There are 2 protein chains.
Amino acid sequence: MKIVNVDSNIKPYRILLGNGIRYDISDYLQPQYSSILLISDTNVADLYADDIMQGLQGYDSVYLEVVHAGEQSKSVDIYYELLTKAIELGLDRHSLIIALGGGVIGDLAGFVAATYMRGIDYIQVPTTILAHDSSVGGKVAINHEQGKNLIGSFYPPSLVLFDTATLATLPTKEIRSGYAELIKEALIADEEWFEKLLSEPLARLNRDSLTEYLKKGIEIKARIIEKDEKELGIRKHLNLGHTLGHALETKLGYGVMTHGEAVAVGLLFAMHVSEAEFKINLPKEKLSRWLEENNYSFNLSIEMIDELIDLMKRDKKVIKQDIQMILLQNLGEPVIHSMDVTKMKDYLATFIAQISKSRK
Amino acid sequence: MKIVNVDSNIKPYRILLGNGIRYDISDYLQPQYSSILLISDTNVADLYADDIMQGLQGYDSVYLEVVHAGEQSKSVDIYYELLTKAIELGLDRHSLIIALGGGVIGDLAGFVAATYMRGIDYIQVPTTILAHDSSVGGKVAINHEQGKNLIGSFYPPSLVLFDTATLATLPTKEIRSGYAELIKEALIADEEWFEKLLSEPLARLNRDSLTEYLKKGIEIKARIIEKDEKELGIRKHLNLGHTLGHALETKLGYGVMTHGEAVAVGLLFAMHVSEAEFKINLPKEKLSRWLEENNYSFNLSIEMIDELIDLMKRDKKVIKQDIQMILLQNLGEPVIHSMDVTKMKDYLATFIAQISKSRK
């Protein structure tokens, strides 16, 4: 088992990574919880909920709530339904919520925990590669019709339990999605690692390498969170690729493109803008080729520009009316950059033209 | 102007009390906010929103949102509407929310601030006596159909600006309501002060005394919060009178009885149970008489017992299935006490019988 400690200012916690550790969950629960609510989705519950429930047999009151798989469940309606369930099941301030699933479940169940009776403990049990990112750092949220994650809190989990065995059942598109966040972390932190991540096609990825990559990604994130938990400064670097990525997801409707695929497009765009703004060369072509070879989709067309710009302006990262974006001065050297809307529009147009051409 | 500092672990802040200080709000705003949303209700906005808006003329983007006065506005629907407004008005992470009104507005606007883009700054500008309590301590919340304040966070304000001039326009029932929380604070902290609070009828209360009382109440609360912000221990003492109080409000429907009136009944009940459990004498009769003379209503009947017990079990303060209640070992000596439901039921029955008889 691998352990990463996060020395959070709000509440320190541990991330455990290991093959099959979901069976031993009760070994890692510290306090005596009065009851436990396991929240999962229709994809994951069938596969792993029983394993977790069995590990919790020592507790009196353990319940399971299953929501529909997909981003649509991060709505205010489902959020409220889960709160209602928690009340009806008699959860109190000494109860625990366990989020079993990908990022959607982690964000949703985490926000329920953050706001149920002004906050109860919760544990993240991520079951996707993508969730290595969302399960660490205490960002919990639901979506507003007008944008992703606009409603939420900073509310760290008590523990993250990452059973790498659960990744074996992931569909290819989920692997693709999660791997994009690993690439993002490498771009922020470490050129050598970036090269390594692109050195092989995804189809040949084995679990040992993946576990190693996940631990590395988590460590990069943990060190950033320790310095800036509330995202006032350097934590924003983790939004590399997300300004366009989020806008694209919202524009297409959640679920059309996976989060990671949208971020992958965003990463390319961030490199495109960085090259122009800083007059540098980045391995944009290399990343673009690798993404294409690994069947990442590229849903962008000139007609979308105005709407995407509007959505980017509405993003959390907007300060007044400039668009704030994370750029790279070099590999491993992210910076926060403010740009006016007209310039952004031009960049988006040249970017779409360039990529569309190279992909023909 | 009087100042109380709260050395919150989450974020230290100041409480300013003064006559007419609402006009000078911009003197007390520290950072440069990108935009400001003032949230108020239909009772308060007409009286004071303009004064605040005028004080904010130096800011580019200042907006006002008015919700219906009353507990009904602490709903998930109004909460979501306010978030939508905030998005549409372009509020970003560097925006400020100002809560202008009583406890409902403070709780609601505070919860919007706590969860908008994972938390932005907010200022409490309480306009009721009751809100001296709710505006301090960072408890923000909305109601669930099944109970008060079941959805919320601990999220301290950046500042509390208490303009005592606004209390002049309070209707008698609001004075009655707020004064009950002052009595609660005195029961928790200070026998002499308790005697003083009951020494005159409410009708003869003057502003100087009231300001002094408010400062004293706030200080008592501030010192408790500094020791236990998240209500894991002694902060629970402030719930004296609230176990039955909340149940009663929920049972009757929000707004039928004022919060303070419900708490006043709860205080009497806490004294009733304390006397029986600890075999002591408390000035229960004295308080009961004073409440009656000052026209506090007493909406309790034997038929309500089962439902009230159910509601108390559902209260945040329930641990497993015992009901947790704050009792007094003596004046100024609150304790947390767990009681089983049957015992609680008996106490409630004898209490109702006794009070009903004395009020005939």
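Even glycines carry a Cβ here, placed using N, Cα and C.
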Given TrEMBL lists B:GLU181, B:HIS242 for Zn(2+), the same-site residue among B:HIS259, B:HIS272: B:HIS259
Cβ-centroid neighbourhood (8 Å) of the Zn(2+) site, B:GLU181, B:HIS242, B:HIS259 excluded: B:LEU130, B:ASP133, B:ALA180, B:LYS184, B:GLY241, B:GLY245, B:GLY260, B:ALA262, B:VAL263, B:GLY266
Secondary structure content of the domain '3-dehydroquinate synthase C-terminal' (B:178-318), with strand meaning DSSP E or B: 102 helix, 0 strand, 39 coil
Using Cα positions only, nearest of the binding-site residues to B:HIS259 (Zn(2+) binding site) (B:ILE105, B:LYS148, B:LEU167, B:THR169): B:LYS148
Pairwise CA distance, B:LYS148 (NAD(+) binding site) versus B:HIS242 (Zn(2+) binding site), rounded so that it is a whole Å: 11
Nearest-integer angstrom distance between the alpha carbons (Cα) of B:THR169 (NAD(+) binding site) and B:HIS242 (Zn(2+) binding site): 27
Closest of B:GLY103, B:ILE105, B:THR128, B:LEU167 to B:HIS242 (Zn(2+) binding site), Cα positions, binding-site residues only: B:GLY103
C-alpha spacing of B:GLU181 (Zn(2+) binding site) relative to B:GLY103 (NAD(+) binding site), in angstrom: 12
The domain '3-dehydroquinate synthase N-terminal' (B:66-176), counted residue by residue under DSSP: helix, strand, coil: 44 helix, 34 strand, 33 coil
